[in-house]
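Features as listed in TrEMBL:
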BINDING   R125, 148-151, 214-216, Q220, 267-270, R450, 461-462  substrate binding site
BINDING   E144, N146, E368  Mg(2+) binding site
BINDING   E144, K305, 364-373, Y375, 398-401, E425, K452, D458  ATP binding site
DOMAIN    204-302  domain 'Glutathione synthase substrate-binding'
Amino acid sequence: MAAPWEDVLHEEPLVREAALLAVDAALLAGVLMRTEEEPNASEVVNYAPFTLLPSAVPNALFEQAYAVQQDFNLLVDAISQNREFLERTLASTIKVDDFTARLFRIYTQVLEEGLAQSVFLGINRSDYMFDCGVDETPALKQIEINTIAASFGGLTSRTAAVHRQVLKVLGKAEEASRLLPNNPSQGLALGIAKAWELYGSQSAVVMFLVEKVQRNIFDQRCVENELWNRNIRVIRKRFRDVFEKGSLDDARRLYIDGQEVAVVYYREGYVPQNYDPQNWEARLLLERSRAAKCPDIATQLAGTKKVQQELARPGTLERLLPGCAASVARIRATFAGLYSLDLGEEGDKVAAKAIADPDCFVLKPQREGGGNNLYGEELRRVLEKIKDSPERTSYILMDKIKPQPSKNYLLRPHSPLKVSECISELGIFGVYVRRGKEMVMNESAGHLLRTKAIEHADGGVAAGVAVLDTPYLV
């Protein structure tokens, strides 16, 4: 999958000049992050890491990823409404994974109390790699689907402009013109705006629930500004603010600082470190409210790795999406091999196979946010330690995807300029809004390409491993 700029990769003076221009272009375009030294201050900022050149992506696989996104939106929404499926699928996991268990307790408590929420907003990102199998024909294989705090929709909306500029400077204006327009921040904001509108109160606000450390604030501001442009008020609060100042009225309308909240958009709450006892109280308060949560807790549970593994079982998709044979076929075509590690004969065989041949698999815990998966000798070591313990049911096993590497320069602040062997991961953003049982919006909302050096097995942009990229279709 070589892109048509192999000729310039080793022309050092040209590359150096292009890299200097690329950094300035990124700063001009707003491809920005706060610094590690001052993660909550915007007085000093730097560019978010990105590739010097766009990476080649097979056109057919790119189109396949877009074509299946609305199917995945329907699937996630169907799972979130299926209590029996979630209870059965997560039964073994919640016995050994405290974080999933606590989410599940809130889920059942809110259901038993009766849902106050009638408008449901989903923003997810389905991530893929291009697996080169035995015949070396690339195939689209899903890594995971992120149903909470799917990030970089804002910054990736601005990255293609930087790559266009770089290609023009390198004398490749025609190739530059072929880079696709891409604006996920607008698509995500459209979904939030529709949920706000259906909530039905012009004076209500959208609340971004944000982390204590906010290095990636500009990514969020891109979406936020789209809402302000529609005259929708946005407030930014942390769990602590909700605990101290949040309340529900008799109709379970949510108020913070006296302002009614129509939509809660989570940009945190996806890992155990986001919670202390007060934050768990705040999460319960939010879930009990009438506000549209993105995601509500059922949709967060729908994005767990255990659910992903269960979906690969024969017949599961058909039960969740009855009468949708074409959708089921499109979804199933993207699945890599996924295996249960539940206690019993099936799980024993899977664990033994992975211990014997660890380089063929990835061991995944029930965690979001990148940097959690286990590979190779580390996978073998962990599985040998927990192979006879119920703890192994908190993981799933997946076939390791083997993409074809390509060469690129990864531009990071304060890092030397050197060519790297790289692999890429394509994410497609999906947005849906449901009112009661009626699906009001179901869209794909843009794409995100991230690229990393092959020596890094796991981790995304926020984790400091991958960098932002732009697909060049071949």
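Cβ atoms are placed via backbone N, Cα and C, with glycine included.
On the structure: features taken from TrEMBL.
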residue : record                 : Cβ contacts under 8 Å, 6 or more apart
E144    : Mg(2+) binding site    : S126, D127, G303, K305, Q308, K364
Q220    : substrate binding site : G154, F208, V210, Q214, R267
E268    : substrate binding site : A149, L209, V210, E211, R238, F239, N274
E368    : Mg(2+) binding site    : N146, I148, A149, Y270, V271, G303
K400    : ATP binding site       : D359, C360, F361, V362, Y375
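Here the Cα atom of R125 (substrate binding site) is found 17 Å from that of G371 (ATP binding site). The local packing around N146 (Mg(2+) binding site), expressed as other Cβ atoms within 10 Å of its Cβ over all shown chains, amounts to 22.
In this structure, R215 is the one among the binding-site residues R125, R215, K452 with the smallest number of other Cβ atoms inside 10 Å of its Cβ. Assigned with DSSP, the residues of the domain 'Glutathione synthase substrate-binding' (204-302) fall into helix, strand and coil as follows: 40 helix, 26 strand, 33 coil. Cβ-based neighbour count (10 Å, all protein chains) for G371 (ATP binding site) stands at 14.
Annotation: Y270 carries the greatest number of neighbouring Cβ atoms among the binding-site residues Y270, Y375 [cut-off 10 Å, Cβ to Cβ]. Within the model, the domain 'Glutathione synthase substrate-binding' (204-302) carries an average pLDDT of 97. Counting other Cβ atoms within 10 Å of each Cβ, the lowest count among the binding-site residues A149, S151 belongs to S151.
Separating the Cα atoms of K452 (ATP binding site) and S151 (substrate binding site) is a whole-number distance of 17 Å. The Cβ of P365 (ATP binding site) has 15 neighbouring Cβ atoms from other residues within 10 Å, across all protein chains displayed.
Across the structure, R215 (substrate binding site) and G371 (ATP binding site) place their CA atoms 17 angstrom apart.
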